[in-house]
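Visitor: Summarising the annotation, TrEMBL assigns domain 'Amino acid transporter transmembrane' to 2-375. Taken from TrEMBL, the feature transmembrane segment covers 76-94, 114-132, 144-166, 178-198, 210-233, 253-281, 293-313, 319-339, 359-379.
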Amino acid sequence: LQGIFVLGLPYALLHSGYSGLFLLILAAALCCYTGKILITCLYEENEDGQLIRVRDSYEDIANACCKKLSPELGGIVVNVTQVMELIMTCILYLVVSGNLLSHSFPYIPVTEKMWFVVAFVTLLPCVLIKTLKTVSKLSQLCSLVHFIIILVVMTYCLTQIHHWSWAKFRLSIEFEEFLVSVGVIIFSYTSQIFLPTLEGNMKSPGEFRCMLNWTHFFACVLKTTFALTAFLTWGEETKEVITDNLPSFLQTIVNLCLLTKALLSYPLPFFAATEIVYSCISRGNNSNYRSQLFALGVRGSFLLLTLLMAMFIPHFVLLMGLTGSVTGAAMTFLLPSLFHLKLKWKKLCFLEKCADISVFILGFLCSLAGMVCSIKGLFKVFG
């Protein structure tokens, strides 16, 4: 919930004004709610009225909802959406890496797209990652670097507090830019694809709802504080990646730390995406040699795909807004509310049904409008 994409939130505030602050809080509340109802779908009551966990994953929930149409249709839809979101996340990390390298070494006569290739080469060892244990070690280092970056940016912003002015907030906003900001904010909260596995591995699953409340509360406080202080510091000059606003003596150091974080963050979504694809395609394949060779091919293909997409769409916020509007809204709002209505309809009270339907409609509208505006923005950038 506190990933590298918080660096795009000040820019989102630039284009959403005061409503952006409200959206940061609303998105946290809605994401927390849909996380809870998604986990509810993993359980069914037995004859004694006790809740029993009968499903293990997002895919299992989708298959249970679509079993009358096709036993595996729901799982296919969810897996495709999951892979899209994870791959788009990887592309974003690569875009950020290229952007940071070009800003850190402006005196080197190399284009930003060539920096993408440099970042790509450093990520080649990802094709050799076979277990989550390796990824977890990299993620630990990533968390440490993230803390240092946020601390440096916040400290600098607080030294500029005498320049802060609420007049920097826009009273009038452009609708299309606002909708892209909505996608950015939604994407910064997405975590639903990891929740079923997380809840299943908790020592006390009964504390899941409490854990979700507190994590989303603190994430909301931290995101809002960071975005607000950064925007109040730079106002209309706020850039897509907020570290680009730092003075030169800090920018290079922070950008290199941020580059390290982006590269260390890449393996987790990359590993998750390739594991989903590999497990779906290689079912029934009993040859260890062929399986290992195929797994290597899948990882290599995905790594190359992220490079090609990063070079084609090198715009951080537009890409983040598009991802949040399409896959983020689907996995966070649309599918959890739809699945909850489908599996628990007879047991839901009127207010719960209204809440699920409202979340679904809101998610659909945000997804559709944000997707259209993000695509229009990309077309405008490409002339």
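Every residue gets a Cβ built from N, Cα and C, even glycine.
Those TrEMBL annotations? Automatic predictions, nothing curated.
Let's see these features in context: how buried, what's close, how far.
Guide: Same-chain neighbours of the transmembrane segment (76-94): 4-5, 58-59, 61-62, 66, 116, 119-120, 123, 190, 193, 262-263, 265-266, 269-270, 272-273, 276-277, 280, 302, 305-307, 309-310, 313, 316, 319-320, 322-323, 326-328, 330-331, 335, counting only residues six or more beyond its ends whose CB sits under 8 Å from a CB of the stretch.
Counting same-chain residues at least six beyond the ends of the transmembrane segment (144-166), those with a Cβ under 8 angstroms from any Cβ of the stretch are 2-4, 6, 225-226, 229-230, 232-233, 235, 242-243, 246-247, 250, 253-254, 257-258, 260-261, 264.
Note on the transmembrane segment (253-281): residues 3-4, 7, 79, 82-83, 86-87, 89-90, 93-94, 96-97, 100-101, 103-104, 119, 122-123, 126, 129, 132, 134-135, 138-139, 141-142, 145-146, 148-149, 152-153, 193, 241, 243, 246, 294-295, 298-299, 302-303, 306 of its chain, located 6 or more positions outside it, place their CB under 8 angstroms from a CB of the stretch.
Residues 87, 90-91, 94-95, 98, 113, 116-117, 120, 123-124, 126-127, 129-130, 270, 273-274, 277-278, 281-282, 285, 319, 378 of the same chain, all 6+ positions outside the transmembrane segment (293-313), place their C-beta atoms under 8 angstroms from a C-beta of that stretch.
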Visitor: I need to check the long-range neighbours of the transmembrane segment (210-233): which residues 6 or more away from its ends have a CB within less than 8 Å of a CB in the stretch?
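Guide: Result: 1-2, 6, 9-10, 12-14, 20-21, 24-25, 28-29, 31-32, 35-36, 150, 153-154, 156-158, 160, 163-166, 168-169, 188-189, 195, 202, 242, 245.
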